[in-house]
Structure formats: C-alpha cells, structure tokens
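In TrEMBL this protein carries:
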type: BINDING; residues: H217, H278; note: heme binding site
type: TRANSMEM; residues: 7-29; note: transmembrane segment
type: TRANSMEM; residues: 62-83; note: transmembrane segment
type: TRANSMEM; residues: 95-117; note: transmembrane segment
type: TRANSMEM; residues: 123-145; note: transmembrane segment
type: TRANSMEM; residues: 166-183; note: transmembrane segment
type: TRANSMEM; residues: 215-233; note: transmembrane segment
type: TRANSMEM; residues: 245-267; note: transmembrane segment
type: TRANSMEM; residues: 273-297; note: transmembrane segment
Amino acid sequence: MLIVNKLLKIYAVLTTLGMFLIVLMGAIVTKTDSGEGCGNSWPLCYGEILPSQPKLETMIEYSHRVVSALLGLMVIILAIWTWRKLKSVRETKLLAFLSVFLIVFQGLLGAAAVIWGQSSFVLALHFGISLLSLASVFLLTLLIFEKERYGRAFTPAIPKQWRKQIYALSVYIYIVVYTGALVRHTKSSLACSAWPICNNNEWIPSLTSHAGIQFIHRIAAGLIFIWLLWLFIKSLRANLHRVIALSFKWSLAFVAFQVISGAAAVLSRLNLFIALAHGFFIACLFCILSYLLMLAVRSGSLEK
C-alpha cells in the first residue's frame with residue numbers, strides 16, 4: 001500500500017509538471033506563429049502521421065500535439081487512480097472529471113482552430129482553458145499529498161470577508177488571463193512599444209486599436225498587483241492560517257514577476273525566453289489562487 005501511494009504521488013507530480021510543459025509549449029506555438037505548422041490537417045500533419053521534411057514551425061506544432069496527446073492519457077490515468085484511492089475526499093470526483101473534460105475540450109478547441117480557423121477572441125479562450133486544465137490536475141495532486149499528511153481534507157478557517165476577496169480575485173484573474181491571451185492572438189504585444197507609457201509619450205491610446213488591447217491588459221494586470229499587495233498587507237495584520245498567509249505572499253511575488261516579465265518582454269521586443277517566463281508566472285499564480293479558492297469553498301461549507 002505504501003509503495004502504491006508513493007507511486008501515485010510521483011505520478012501526480014510528473015503529470016502536473018507535464019501540464020506546465022503543455023502551457024509553455026502552447027505559448028511557444030503562439031509566439032513563433034507555428035499554429036499552422038501542420039496546415040489544416042488534424043490529427044495528421046499535412047496528411048501524414050510523421051511529417052516528411054518538416055520546417056521548424058512544423059516541428060514545433062507537431063511536438064506540441066504529441067506531448068499534449070501523451071499528457072491527455074496521463075491525466076486520464078491520474079483521474080481514475082485518484083478517484084479510486086481518494087473516494088473519501090469530497091473534491092476528488094469533481095476534479096477528476098474536470099481534469100479529463102478540460103484537457104479533452106482543450107484538444108478539441110485546438111483541433112477546431114487548425115481545421116476551420118477561429119477568430120482571435122475564440123483562440124484566446126484556448127489559453128484560459130489550458131490554465132483551468134492545469135489547475136484541476138494541480139489540485140488533484142495536492143489532494144493526494146493532503147490525504148497523506150492530514151488523513152483528511154485540509155480545511156483552515158477563513159473569515160467570510162476573506163472568502164469573498166478570494167472568490168472575486170479568482171474571477172478577475174481569469175478575465176486578465178483572457179486579455180493577455182487576446183494580446184498575443186491579435187498580435188498586439190508590441191502595439192505599445194514602450195513601458196510604462198504606450199507610444200511616443202502617449203499614455204492612453206485608442207481603446208479600439210491594437211494598442212488599446214495591450215493597454216487594457218496592462219491596466220488589468222496592474223490592478224491585480226495592487227489588489228494582491230493590499231491583501232498581503234492586510235494578511236500581515238489578520239489572524240489567518242499560515243497556509244493562507246503564505247499563499248497571499250507567493251501570489252504577490254508571482255504577480256510582481258509577471259509585471260516585470262511583461263515589461264521586459266516589450267522592452268526586449270518579445271524575447272522568447274522572457275515571453276515564456278511571463279506565461280510560466282501566470283500559470284503559477286493561477287494554481288495558487290485555485291488552491292486558495294478550494295480552501296475558501298471548504299471553509300464556507302463548514303459554516304453552513
């Protein structure tokens with residue numbers, strides 16, 4: 001039994017790391033304009049199982065498809081495994097279902113974009129779905145470690161006013177994620193070529209332009225930083241559980257890294273590694289906030 005539990009933990013961690021890899025590979029596909037690297041053929045690549053004489057764009061898109069398919073199988077196995085081993089934990093069935101549903105939906109959305117093409121507004125949803133998929137697997141993994149450490153679901157007491165902040169912040173962060181993905185898919189990343197101003201001493205561009213999309217994302221991201229900074233300062237004075245306080249601390253750190261990497265991406269004219277770091281930091285932030293959201297829901301259920 002101990003060996004099985006250890007294997008489950010190792011497998012869950014590897015699957016979670018693989019989901020992070022998918023998010024980054026998807027960002028590479030977008031950043032390098034490799035989305036059409038296999039033409040409009042799916043699941044084949046230019047009608048072939050293995051593309052012959054592939055170009056760089058083809059290799060990037062094809063490798064993303066292969067890794068995504070492999071991780072899809074790994075997620076299905078993890079979902080079934082945790083469903084059977086953690087039946088007593090309330091969130092297990094929901095997260096197991098979501099992890100499978102979201103990664104399948106994510107794949108179908110990607111396939112639809114390849115075969116029929118999609119508008120930038122629809123394509124931007126793909127990144128948001130990928131983060132939800134990552135978060136569901138991440139939370140499943142945490143359930144496994146929780147079960148071993150506490151023998152039950154970890155449920156710290158979170159005051160109602162703090163739960164409301166977590167709920168609102170979780171919704172808002174998803175909106176900001178969408179605006180960031182929209183910046184990429186509308187090719188607006190350098191529409192504001194300076195930072196913190198936009199262009200040529202222009203602070204506020206036309207909001208209906210590409211620069212406007214970039215500007216709206218900047219403002220939205222800046223508000224997250226201010227919001228989390230305020231919550232972090234409040235948490236220092238409040239009698240919150242250590243895990244909650246640390247979660248706000250790390251959330252603030254990751255959103256700060258996010259702002260810095262976003263500015264650096266513009267100033268470096270979209271250096272690929274900086275752009276990938278930008279995506280990695282938002283993925284980490286999203287996972288932490290997802291965990292806070294789960295703890296807030298648990299805490300709220302105790303008061304009913």
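Quick reminder: no glycine exception, Cβ is built from N, Cα and C everywhere.
Just so you know, TrEMBL annotations never went through curation; they're auto-generated.
In sequence order, V176, T179, G180, L182, V183 are the residues of the chain that are 6 or more apart from H217 (heme binding site) and have a CB within less than 8 Å of its CB. The transmembrane segment (123-145) is not in contact with the transmembrane segment (245-267), judged by fewer than 3 CB-CB distances under 8 Å for residue pairs 6 or more apart in sequence. Only residues 6 or more beyond the boundaries of the transmembrane segment (62-83), in the same chain, are considered here, and those with a CB under 8 A from a CB of the stretch are 8, 11-12, 14-15, 18-19, 21-22, 25-26, 28-29, 34, 37-38, 42-43, 45, 51, 54, 92-93, 95-97, 99-100, 103-104, 106-107, 110, 133, 137, 140, 143-144. Touching of the transmembrane segment (166-183) and the transmembrane segment (7-29) is ruled out by the presence of fewer than three CB pairs under 8 A, sequence neighbours closer than 6 excluded. Most Cβ pairs under 8 Å to the transmembrane segment (7-29), among the stretches 95-117, 215-233, 245-267, 273-297, belong to 273-297. Here H278 (heme binding site) comes close to Q258, S261, G262, A265: these same-chain residues lie at least six apart in sequence, with C-beta atoms under 8 angstroms from its C-beta.
Outside the transmembrane segment (273-297), and at least 6 residues removed from its termini, the chain residues within Cβ reach (under 8 Å) are 20, 23-24, 27-28, 31, 91, 131, 134-135, 138-139, 142, 154-156, 158, 162-163, 166-167, 169-170, 173, 177, 180, 189, 243-244, 247-248, 250-251, 254-255, 257-258, 261-262, 264-265.
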